[in-house]
Number of protein chains: 2
Amino acid sequence: MAQTRRRGAELEEAILRAAAGELAESGYPGVTMDRVAQRAGTNKNAIYRRWPNRAALGIAAYQLLVKDNTRVPDTGELRGDVLATLRHANEQLSSPNGDILRGLLASMQEEPELLAALHERMADGGAELWLTILRRAVGRGEVAETALRPRIATVAIVLLRNEYVTRGITSVSDEVIVEIVDDVYLPLVRAS
Amino acid sequence: MAQTRRRGAELEEAILRAAAGELAESGYPGVTMDRVAQRAGTNKNAIYRRWPNRAALGIAAYQLLVKDNTRVPDTGELRGDVLATLRHANEQLSSPNGDILRGLLASMQEEPELLAALHERMADGGAELWLTILRRAVGRGEVAETALRPRIATVAIVLLRNEYVTRGITSVSDEVIVEIVDDVYLPLVRAS
DNA sequence: TACCTAAGGTACTGTGTGTACCTTATTTGT
DNA sequence: ACAAATAAGGTACACACAGTACCTTAGGTA
């Protein structure tokens, strides 16, 4: 009954929107090829012509979901910037996004290149954001230039993500975030 | 043709050994109820009478695999202890154990209590081990007593595990381990 | 000896992945 | 304007796996 048959980019977007919808509503387990196809008003063939398997579709949908999440806060002091970024990431990782992330991580065992793509887009996990925050702190004289290393800069978000991935919780309390900042991150960057 | 039918603990051990074998050879995806049952020379009913679902069986098998892995090294200095522990954990987490861990983590989305059990046994992830190492360093005067907090003590292993979980790699290079120790962990505990 | 418990065996439902094959609509080149 | 190429729709399928039902059979126990 469709007046005109959708093609190319139009159909691709419809599929992606359907997959992202399932992801948001039912988590990664809900992203089945049958469900996505039905929701997009198409069939599995159209999906398999674009993504080689369920995992690839899941990553693409996840990227659509968490897009536009990399703003760099500027509160005027390092502690405020770090807290704001962690809290923002905490919202992004909260249920169901945490489940989604965990589900995706596990499904990528055989596709390292897909996992790398996922890692790049992982919510606020990019080192560049953290280096930017630290660079401004260096400019204000809050920390020494030797702290400007990716491994050091991303410690806070790694610890936060660790809470999600290994504890399976749906949301990290603000106390934990403050603890990460005051007990670990700030002492570390000031000592480096 | 079995002379005597196995029962109770004997059968349970046979099932667990079969599951651990599949885990070691094929990772978590290989731990299917059918395969484990066949390998153990029994049937799915016997498994379901003991574990409520595949995830529970997977955790039990994982615990069998990584058992006896918590020795506390004593090299006489903090840096040596930390490096030894991380290198040991790196071996434990190396393929296929890393895949196994990731697979288990993802499957636990609905069973928080199982995930908690897994977390307890996670290779060298227990805070107690790290606190012991730090306590000895405090005794030697290497670090201040204020560093004796779980969040601080476990930072090194969390960073190492992060490499596995988010990057999907099969083994972390020794350079990364040294970087974690010298650039992050030692500065952190000495500053605390 | 009879009973009870637990193991073995088999079959089944339901769901999901991925593929095959054919039909039909739409675009593009001539 | 028409034909050929391209891509979508539709259906059916093979295969694997989780979990359940139901019955049969072995082996301790009273």
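From the backbone N, Cα and C atoms, a Cβ is placed for every residue, glycine too.
The domain 'HTH tetR-type' feature in TrEMBL is assigned to A:9-69. For the domain 'HTH tetR-type' (A:9-69), the predicted model reports an average pLDDT of 87.
Under 8 Å from some Cβ of the DNA-binding region (A:32-51) lie the Cβ atoms of residues 2, 6, 11-12, 14-15, 17-19, 21-22, 57, 60, all in the same chain and six or more residues away from its ends. TrEMBL lists A:32-51 with the feature DNA-binding region.
Taken residue by residue, the DNA-binding region (A:32-51) breaks down under DSSP into 13 helix, 0 strand, 7 coil.
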